[in-house]
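Undergrad: Per Swiss-Prot, the feature ATP binding site maps to Gly294, Pro295, Pro296, Gly297, Thr298, Gly299, Lys300, Thr301. Residues or ranges marked as compositional bias 'Polar residues' in Swiss-Prot: 115-135. Per Swiss-Prot, domain 'LisH' is recorded for 25-57. Residues annotated as region 'Disordered' in Swiss-Prot: 94-147.
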Amino acid sequence: MELSYQTLKFTHQAREACEMRTEARRKNLLILISHYLTQEGYIDTANALEQETKLGLRRFEVCDNIDLETILMEYESYYFVKFQKYPKIVKKSSDTAENNLPQRSRGKTRRMMNDSCQNLPKINQQRPRSKTTAGKTGDTKSLNKEHPNQEVVDNTRLESANFGLHISRIRKDSGEENAHPRRGQIIDFQGLLTDAIKGATSELALNTFDHNPDPSERLLKPLSAFIGMNSEMRELAAVVSRDIYLHNPNIKWNDIIGLDAAKQLVKEAVVYPIRYPQLFTGILSPWKGLLLYGPPGTGKTLLAKAVATECKTTFFNISASTIVSKWRGDSEKLVRVLFELARYHAPSTIFLDELESVMSQRGTASGGEHEGSLRMKTELLVQMDGLARSEDLVFVLAASNLPWELDCAMLRRLEKRILVDLPSREARQAMIYHWLPPVSKSRALELHTELEYSVLSQETEGYSGSDIKLVCREAAMRPVRKIFDALENHQSESSDLPRIQLDIVTTADFLDVLTHTKPSAKNLAQRYSDWQREFESV
């Protein structure tokens, strides 16, 4: 099949609209069930459902004239009109209690088939029959004579299946009756597909909870459906599930100044494989591991927050305290459960911050490394090898301030290693302008600045992004300190205080702050550059 830009774009849009519709349907079902349980008095069951879904079902309420019983009654009426009998909803189970668990994979397949292949209404053919079908028509008439009741039932079903759709043939002139049929008019399938996708997306936006859904409203798969694990493993899975990031950091790609190479590689590994899976097959399979290294405060964690905001994946924010346990054997079990959960909730992203605290070099400790630490590192390496050999959409994003302390085996599994260096002059100028614009309002306060941004960008060479933010905060804080002095020194209660007027922040004030605020990692810049020349992979 030949690929084109149009095909890829429309395929992605159609798949995204279908996923949105499926997600909204699942949420609506859970809210309907919770509402029905509450109305019928099953309060404990409703509370257990809300606790397991972690969706906050009580924040939503069912619309007027909508409930689960009404929907079931309408389905029964529709089924009776179509098939002249009521549907059989449940049946008595013949299996034992141990085999009563639902077959999730088969049910999921059936739901997918129903979603993708919806039944179309039957249309009565009113075209003139061809000569080749004359014999078949005669046979049908003879059969109808033998079974007249069957013909009535079939006609009734056809009429009830039309759903108000009437089809009539186009009348032709008498001179054109014997002429060859003309080709039909050209149908703009591209326009039809675009309109259908736009209509489905807008309808979902109106019927769902929000136009920009919050990650906290994302419906996660229940741990009870985590097949293949015993009770101990499920307890560990509950521990790891607490680190699934469900809050919206509200960090967009455009909020990150610079880091263009890092943002592009993250999109190649996380965003594009989900949008355009046709392009990422074979040798073009997406990256499974990405290491961001550089001085502190340059935006490594900020980039991970952008991934949690922009990418529609399950985000695991993992630190050393998550996978390190004092109990023997629990650390490697936690690592295994982490990757199993990531596959279960795929597509997902595992963010390992301060990686050197977990994966330092083996065999370099003078007194010998602890056995439990070695087992945990080995399990982490084995699990990452499993990711590289599988087609699961699981991506490992790691950040480190000390890349020279990482184990060589871990570096091999992190396919892309990007230096997040100190910001350039243009980036520093943009940061200063962002934090100290000419006029900035913060509720009741209005701060004015008169800064030469080009001069300040030269003077802040060697400062990281967090250092520049700290300098800007200190420069803005100096006029505010004068307000504190006026408020504290005012003794007379009869006289009113004057209107608050902040002094203008000038270039001299900013330069004075620079003399008292030094960069945090200027001396390590050369060491990062040397390590980059030896281990870079972009």
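Positions of Cβ are set from backbone N, Cα and C atoms, glycine also.
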Undergrad: Once the chains shown are all counted, how many other Cβ atoms turn up within 10 Å of the Cβ of Gly299 (ATP binding site)?
TA: 24
Undergrad: What other residues of this chain sit with their CB within 8 A of the center of the CB atoms of Gly294, Pro295, Pro296, Gly297, Thr298, Gly299, Lys300, Thr301, the recorded ATP site?
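TA: So the extra residues in range turn out to be Ala399, Asn401, Val420, Ser464, Gly465, Ser466.
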Undergrad: Which residue counts does DSSP give the domain 'LisH' (25-57) for helix, strand and coil?
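TA: Secondary-structure composition of the domain 'LisH' (25-57): 28 helix, 0 strand, 5 coil.
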Undergrad: Taking the Cβ of Gly294 (ATP binding site) as the centre, how many other Cβ atoms fall within a 10 Å radius?
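TA: 25, counting other Cβ atoms within 10 Å of Gly294 (ATP binding site).
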Undergrad: Could you say which of the binding-site residues Thr298, Thr301 has its Cβ with the most other Cβ atoms inside 10 Å?
TA: Thr298
Undergrad: Looking at Cβ-Cβ distances, which residues of the chain lie under 8 angstroms from Gly297 (ATP binding site) while being 6 or more apart from it?
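TA: In sequence order, Ser464, Gly465, Ser466, Asp467, Ser520, Ala521 meet the Cβ cut-off.
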Undergrad: For the binding-site residues Pro295, Pro296, which Cβ has the most other Cβ atoms within 10 Å, all shown protein chains included?
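TA: Counting Cβ neighbours within 10 Å, the top one is Pro295.
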Undergrad: Where does Pro296 (ATP binding site) sit by DSSP, helix, strand or coil?
TA: coil
Undergrad: Please average pLDDT over the domain 'LisH' (25-57) for the predicted structure.
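TA: Taking every residue of the domain 'LisH' (25-57) together, the mean pLDDT is 82.
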